[in-house]
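Taken verbatim from TrEMBL:
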type     : residues                                       : note
DOMAIN   : 10-62                                          : domain 'Myosin N-terminal SH3-like'
DOMAIN   : 71-764                                         : domain 'Myosin motor'
BINDING  : G165, E166, S167, G168, A169, G170, K171, T172 : ATP binding site
REGION   : 643-665                                        : region 'Actin-binding'
COILED   : 899-950                                        : coiled coil
REGION   : 1094-1127                                      : region 'Disordered'
COMPBIAS : 1104-1124                                      : compositional bias 'Polar residues'
COILED   : 1149-1179                                      : coiled coil
COILED   : 1205-1267                                      : coiled coil
COILED   : 1321-1440                                      : coiled coil
DOMAIN   : 1503-1780                                      : domain 'Dilute'
Amino acid sequence: MAFRYARADLKYTRVWIPDPDEVWRSAELTKDYKEGDTSLQLRLEDETIREYPIDVQSNQLPFLRNPDILVGENDLTALSYLHEPAVLHNLKVRFLESNHIYTYCGIVLVAINPYEQLPIYGQDVIYAYSGQNMGDMDPHIFAVAEEAYKQMARDEKNQSIIVSGESGAGKTVSAKYAMRYFATVGGSASDTNIEEKVLASSPIMEAIGNAKTTRNDNSSRFGKYIQIGFDKRYHIIGANMRTYLLEKSRVVFQADDERNYHIFYQLCAAASLPEFKELALTCAEDFFYTSQGRDTCIEGVDDAEDFEKTRQAFTLLGVRESHQISIFKIIASILHLGNVEIQAERDGDSCSISPQDEHLNSFCRLLGVEHSQMEHWLCHRKLVTTSETYVKTMSLQQVVNARNALAKHIYAQLFGWIVEHINKALHTPLKQHSFIGVLDIYGFETFEVNSFEQFCINYANEKLQQQFNSHVFKLEQEEYMKEQIPWTLIDFYDNQPCIDLIEAKLGILDLLDEECKVPKGTDQNWAQKLYDRHSGSQHFQKPRMSNTAFIVVHFADKVEYLSDGFLEKNRDTVYEEQINILKASKFPLVADLFHDDKDSVPATTASGKGSSSKINIRSARPPLKVSNKEHKKTVGHQFRTSLHLLMETLNATTPHYVRCIKPNDEKLPFHFDPKRAVQQLRACGVLETIRISAAGYPSRWAYHDFFNRYRVLVKKRELANTDKKAICRSVLESLIKDPDKFQFGRTKIFFRAGQVAYLEKLRADKFRAATIMIQKTVRGWLQKVKYRRLKATTLTLQRYCRGLLARRLAEHLRRTRAAIMLQKQYRMRRARLAYQRVHRATVTIQAFTRGMFVRRIYQQVLMEHKATILQKHVRGWVARRRFQRLRGAAIVIQCAFRMLKAKQELKALKIEARSAEHLKRLNVGMENKVVQLQRKIDDQNKEFKTLSEQLSAVTSTHTMEVEKLKKELARYQQSQGEDGSLRLQEEVESLRAELQRAHSERKILEDAHTKEKDELRKRVADLEEENALLKDEKEQLNNQILCQAKDESAQNSAKENLMKRELEEERSRYQNLVKEYSRLEQRYDNLRDEMTIIKQTPGHRRNPSNQSSLESDSNYPSISTSEVGDTEDALQQVEDIGLEKAAMDMTVFLKLQKRVRELEQERKKLQVQLEKREQQDSRKVQVEQAKNDLDLDQDADLAYNSLKRQELESENKKLKNDLNELRKAVADQATQNNSSHSSPDSYSLLLNQLKLANEELEVRKEEVLILRTQIVSADQRRLAGKSTEPNINARTSWPNSEKHVDQEDAIEAYHGVCQTNRLLEAQLQAQSREHEEEVEGLRAQVEALKEELDKQQQTFCQTLLLSPEAQVEFGVQQEISRLTNENLDLKELVEKLEKNERKLKKQLKIYMKKVQDLEAAQALAQSERRRHELNRQVTVQRKEKDFQGMLEYHKEDEALLIRNLVTDLKPQALAGTVPCLPAYILYMCIRHADYVNDDLKVHSLLTSTINGIKKVLKKHNDDFEMTSFWLSNTCRLLHCLKQYSGDEGFMTQNTAKQNEHCLKNFDLTEYRQVLSDLSIQIYQQLIKIAEGVLQPMIVSAMLENESIQGLSGVKPTGYRKRSSSMADGDNSYCLEAVIRQMNSFHTVMCDQGLDPEIILQVFKQLFYMINAVTLNNLLLRKDVCSWSTGMQLRYNISQLEEWLRGRNLHQSGAVQTMEPLIQAAQLLQLKKKTPEDAEAICSLCTSLSTQQIVKILNLYTPLNEFEERVTVAFIRTIQAQLQERNDPQQLLLDFKHMFPVLFPFNPSSLTMDSIHIPAYLNLEFLNEV
């Protein structure tokens, strides 16, 4: 390919040059090329310089290399330069660096065998490719299969997938995966499991048709074409297989390191099985036909296990066990035939076989033929002439050849028979609408020695290549015509001359058949004829050094064929005598094996059996039997015929091509040999496809993609134009001057080879120029910023320097001034000190002098002062003496004068006292005072007396005590007088000693105190140090405890997470079972509908849907549907319903076991009581015989019973009246105290009053009955006569018998006494019975204790014999068993008590209900009574009663109720009402049925409701609003059944009014479970509908739509265009559309009252689906793994998170489900170069598996040449760091995974009586109660 751009500077241009080792090598021009240069200066990748010569005449320049941005493309046709080195390099990069084994090349899928198991074929990958367009995902065999399936459905045309390649390239595996895809996606329409049978045919065909070769351990040694049939709904209904050219020679010969067909070795590996003993097989090394290749084993393959899979496949395909044994017998007989020993005779022309040959005997026995005949005809042959028939012996070589031909023929016939039976198993009687064929055929082969098989294989590949070339040419022509591009004839390689050389008249095959007909024909003669006939053909050549070989120039390569053996293989000689012996076999299978095609060649059987009904490839049988020893038609002729029929089939279908490439011959994983790869690329036609594409316009761009990619080349004024086509046209005309380099199509632009690279170069130059401009501007700005920063820094430095200098100057001035100040101060201080010394000396002298003078003056003053004091005292004494004399005289004068005055006053007072008035004044009030004083005197006298008495007593006692004390004192004085002084002295001395001792002790104590104080201080210091250490240890321990707590909390959280995960898994498994059940139920309904459609007759009539019961839907029978909920009723109902329909869950089973034990105990008790009763009856009989004379007592008893009945009736009436009065009182009290008292208090008060009334009533009844019986008996006695009177009078001997007693009173008293005697006797008997029962119970306890004691003694004796450890262990075991028994007994007791409690509760509910009924009835009766009492003319309005929240309906209106409320109800009709109104109405109906205790009505209503909901959901299975509506109503009905069930756990939030609406009689737990399962099914259907709406929008909105405009660019694409690349396409969605849709979902669910918790779970599931679908597409698409896509993803995810926060849904966990996608987006944006980047990626991407991380890194594609690819070394670093992860092997996320849903209890705040039923629901037949 010459350079196209000679005008540009070609220096540094990269090119490809040939290389003998690597085929092609990359180099770079170091010097510009000019026209006429004879060589190019190149630099190789290893930096070596090389000169590359150029042929000037041909001007053949090296191939140009594509830009790096195009390397690694999914489609080879996307490359700008299409040539062999570009293709080889692209495949090598994808295979080695990215580990991608699939690549598109136009319409061809190139598959490279990785020789390693890859996780890219799972069910998740199949679902990921299902429904996707071929160009949307990465290349894959599933993408080709999906394209074929889609074109079959869209175009209604049959399809074919042609898989070809060398042996070991992976053809069989690719075909197998394609069939698996069809089996998974197509799925059978019935229960025949035809897809499993199609897949089951693979192990059988591999066993009988595959073998180990030097190139492949599982090489297919035949070609096969499998047609998979589909019906009109495109479900698999059947299949058909055709086989071609089985390599029969492998049965009798294998080269070194090769094996025979697998089935031989599998059978030998299973020879030890008992059913195969008669085969007489041993190991494979013992048989000639299996040991020629020396190695009989394959590494990693277990033949015995594969044989078991083969047998299972036979069984699955319907091959009977007897036929399988027959097949294995035939295969074993072939092995024995190969071991038959043939002995040559001496003449050399004859041979013989020993009659005792074991292998021949086994051969004949296994095939059921005669031993003697087979022995004879193995060594002889028959010659038939026109006149006679001769039997001729054969030489040793002829016999061996005949034996081998027979073995090959038997195996070929068996192969054909197995293929035929596989086709029968895969056949279907249904009409086939279309089919997809999968052709797995050998690729072009060339070996060192090529024979007849290679010739046929290469002939078939020539035909397939011709068909391939014509199809590619046809597609190119259609593309050009569709785009209205002028069509020019493209010269492509046509291999018709080579095909004519092989199959034309007198071609190679014709000459071969002709030579086979010649009696003495040889391979040499045939080769000579070829030389003579075809020596002038350009496709035929004769080797120089051989006369027996010839060369055919095939499309792929020259192949030299050796003619030796061509005739023999073409004839495939099998002697008729041997065949006739096999026909006469006593085994029908063997005989039928050779009767089917007796006149056809065995190869025909292999190729013709099992052909489809449309195409029959078997040739017609000749009408006459051939008398020749050979069959008429040769192998070559049959193969040519079948090949023509195959080509007709392929030409009638739309082909899809898969070319398998073998990367190396050593079977090394991910090792690429360029030589072998180029050889196969040339042979398989990939390069021819490239050449055809490159001859025209290989690069094709949609206008929209071209505009997005190259709009940077458009001028600004051209962008104003809105027509993108016009813009593209003007741009191209301005950029590319040669108009032949491009063409404008209708929707695309077509470019010649290299033009896209030129445009990419212009785009890169534009970007580079823009980058340089940006860099220039940015760098200038950076320099300006740097200059400004430097300038500011300089100014700052200057400012600081100047400030520093100024500060230094100021410091110097300050220091100078300070020095001056210091000098001044110092001098001043020195002068002051000198002055102060002089001053002090002067002052001292003055002080002493002045002191002396002052002391002198002081002495003088002191003397004067003392004299003055003496004078003062003397003068004072004199003055005082004079004063005293004067005062005494004055006092005497005063006293005399005062005495005179007193005498005068006394006289005057005496005169006045004698007057009367004075007396009167004095006596006023004196009388009262006298009285008071008298009283006081009396009191004082009394007190005085008492005090005097006390005083006398005290004085007497005091005197006595004084005397005593005096006596004691005298005695003491006498005793103490003698020793007093001595004792005092001793005491003084002792006190002194004690004082000294105390002083010494004090010193000691002080010393000890100081020591202790020091020690304590030391101790305190030590303690403080220890305290500090302890604090440190405490802190350390606290830290350890915190760490341990954190670890424990982490462990606990891990355990909790594990338990939560297990709970979630268990819940998900259960919900998956529910989902599977609903799916099977749906499938059953579909099948039933189909059967009704198919088998519908006029007399056929379907059962109405409303007749179905809950038993068919849920298998939950209603057992607890009565108020008596014990196990007896449960057992009875189970027996009534039937064991088959009863749900025997574990709880019921345990209850039944427990009930059986209780019944057994009750049976024993009843037996004991029966024995007691018999004894008592015998005693009673004796007593009755002794008391026959007491007939009167019996009469009294009868009278007593009659009166008791009457009394009970009357008392019953009284009781009713009392009860009514009590109810009224309770009601009044409740109305008064409704806020403070609750209903249970009122009912307890009522029950207490009832108990008291009943007790009083019983007492009074007994008294009244006793009195009445006495009266009645007295009347009877009186009527009977007076004969008993004397006896009575005689018997009544009372203490007061002498008194007169009335006769009637006596009789009454007598009967009263009798009655009391009877009562006492009954009490005594009852007490005696109780006593006897107690005694017997105690005896039983004693016996039980004795037994237990005996057991303990035995165990004690046993334990004594044991060791101490064993004794302890045995004792512990005994104690454990005892405790477990006690525990079980206690549990049974608790269960009984709970059961009794439940019974009492239910009875209390029944009584409450009866009380309410009685109140209502009495109120109604009272109102009726009042109405009757009033005058009829007066009309009184009846007061309406309150609505009780119950709805009544008749049984016949149930169907109408379900139809109006469920089946025909539209959600829009209830837009303005209470949410979940149907659920409330249904519950009110259920409540009324419970109120009237009608279990059948409850059962029927719930069953009809559930079936109606299922019917509605089945009808509207794609309506989100309807599904959401019934999900909310089903959940609400479930909540109502829980809220009003009476269970305290669900009634915590109920009001008193709501508690009145609880169910009274029925326990609907089973129906709650059924409704819960139905809610799960509806939830799953809701999710399925929402996912179906969102899934088509996700990929386009999340990955392809440009949320940030201009961020993403479009890369060049190849033949496979992405379906959503068109901007205006129908499949294009934006993120706003997804958000709008989710807004719609959210609004619908909120409006319909769906629980918020369920809404959260719905959006969590939807966000997980968005995450899974987006991530799976990201992992399977190379074009979206780029930095810009990561940015778009981050933006889109942030928008979704914002939407969640706006709707208050962020607590749902939806964001956490998108964590893998968030991390994938971050991974696309992170740096991917250094080891630090690898560590950051590993620490960040924790939610992504290792495979996913590596896959994204391998897929990462730079959109511009400025980005760099991820290196292989970086990916290896990532893999090394992630080795410790235990990630699952699954690459893709399961987008169909569904989280288990939870329905938390959400009680309603509404009361039933507040709900209004709209009139438009047409529910007038419902009556409010």
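Glycine is no exception: its Cβ is also placed from the backbone N, Cα and C atoms.
Features recorded in TrEMBL, as mapped to the structure shown.
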residue : record           : Cβ neighbours (10 Å)
G165    : ATP binding site : 27
E166    : ATP binding site : 25
S167    : ATP binding site : 20
G168    : ATP binding site : 21
A169    : ATP binding site : 25
G170    : ATP binding site : 25
K171    : ATP binding site : 27
T172    : ATP binding site : 24
DSSP helix/strand/coil residue counts for the domain 'Myosin N-terminal SH3-like' (10-62): 0 helix, 24 strand, 29 coil
For the coiled coil (899-950), the mean pLDDT of the predicted model: 76
Env. residues of ATP site, Cβ within 8 Å of mean position of G165, E166, S167, G168, A169, G170, K171, T172 Cβ: N113, N216, S219, S220, G443, C660, K662
For the region 'Actin-binding' (643-665), residues assigned helix / strand / coil by DSSP: 9 helix, 8 strand, 6 coil
